[in-house]
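Q: These came from TrEMBL, pasted as-is:
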ACT_SITE  Ser219  active site, charge relay system
ACT_SITE  Asp345  active site, charge relay system
ACT_SITE  His374  active site, charge relay system
DOMAIN    139-380  domain 'AB hydrolase-1'
TRANSMEM  24-48  transmembrane segment
Amino acid sequence: SPCAMDWQVLTRELSLYLESQVRVGFFGSGVGLSLVLGFGVAYACYYLNSIAKKPQLVASNDRFCRFLEEYCPVVTETYYPTIWCWEGRVQTLLRPFITSRPQVQYRNELIKTADGGQISLDWFDNNDSSYYPDASTRPTVLLLPGLTGTSKESYILHMIHQSETLGYRCVVFNNRGIAGEELLTPRTYCAANTEDLETVIHHVHSLHPSAPLMAAGVSMGGMLLLNYLGKTGRDTPLMAAAIFSAGWNVFESIESLEKPLNWLLFNYYLTTCLQSSISRHRQMLEKLFDMDLVMKARTIREFDKQFTSVMFGYRSIDDYYEDASPCRKLKSVGIPVLCLNSVDDVFSPGHAIPVETAKQNANVALVLTSCGGHIGFLEGIWPRKCTYMDRVFKQFVQAVFEHGNKIFSM
């Protein structure tokens, strides 16, 4: 694999390729080729010395560390970001366009909530599983997409594809009103309120009480899952959880996203996505909100101030952001959790990752890469089929379901 070549092999391959592709006389007397080769070698050396690095594994529990090293070795191996797009913003922007979209056939289920609303669940039953032909005991992974994401997101489809190969069942928790279903009450969702997630977890567990159950959350889905785990401690049907690109401190995330370039590339677009997700339910939401004012928001902060914080009864947006920040609840997590972040993620700045807090909880392991962006983690020359994040997900889920008894006595 090109990702695994040491610098000698990489530079030699680069030289041979360029010699076969570039004519010696192109710039006259081979000077052009020498310049190209020199630049290529210099770039290769820079990449291998400064970009390709082993992730930082933060875990205070030696048993958890040894478990990961043995059954989830990807977290200790050098991560080789795609050599032509390793920068965080570029990885974040390109991932949705580069990565493939595996075909997944879902079975939809609408479940009722205590307040009269409904939640859309998309099931991948994997009834053809040869490893777990008995549906009653087939391991199940609950997947939580990001801020405006649904079961159609490429990263969710890849997680399901990875689970399918292992014989597992998946169910995707689509937040209220986001996946095409009608909004029956004037309420959507937020990162701090875990009521809907609790409803979904207990519903899934009640359907298959003998099936091992774990969850994986991405971005805001990861924040919601962490907030749930911090609230419930050990009192949850979940065996373990995997968290990817979560925003740990919402104040820091919002400040980062409001920097001019980040606002232009991400903040404004996400704000319009949030507005689009609620515009279809305008008639229902107008009962409680000034929708004209909400639709004028130009940042996520403005949207949350006019809509999200008001919907869930917070006195101010600062109260909401404080409650939504998982870093405040990390000490209370009571089951094994693996969290993957890149320190160059503009949605979750490296300095805001709660490394010291994580060290105080034996159930928590952080995996921090130097590159990868937000839900990026692209690797390989043409990173279409599998990302570093996909490999972490697959290995950790398999480790939990097949060898989890070795960490559950922590």
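Here the Cβ of each residue, glycine as well, is placed from N, Cα and C on the backbone.
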Q: Within 10 Å of the Cβ of Ser219 (active site, charge relay system), how many other Cβ atoms can be counted across all chains shown?
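A: Cβ-Cβ neighbours of Ser219 (active site, charge relay system) within 10 Å number 26.
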Q: Take the C-alpha atoms of Ser219 (active site, charge relay system) and Asp345 (active site, charge relay system) and report the distance between them in angstrom, rounded.
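A: About 11 Å separate the Cα atoms of these two residues.
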Q: Let's check the environment of Asp345 (active site, charge relay system): how many other CB atoms sit within 10 Å of its CB?
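A: Excluding its own Cβ, the number within 10 Å is 28.
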Q: Just the number: how many Å between the Cα atoms of Asp345 (active site, charge relay system) and His374 (active site, charge relay system)?
A: 5
Q: Looking at the domain 'AB hydrolase-1' (139-380) alone, can you tell me the average pLDDT?
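A: That stretch averages a pLDDT of 97.
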Q: Far apart in sequence but close in space: which same-chain residues, 6 or more away, have a Cβ under 8 Å from His374 (active site, charge relay system)?
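A: Within the chain, His374 (active site, charge relay system) has Cβ neighbours under 8 Å at Gly88, Gln91, Thr92, Ser219, Ser245, Ser342, Asp345, Val346, Phe347, Ser348.
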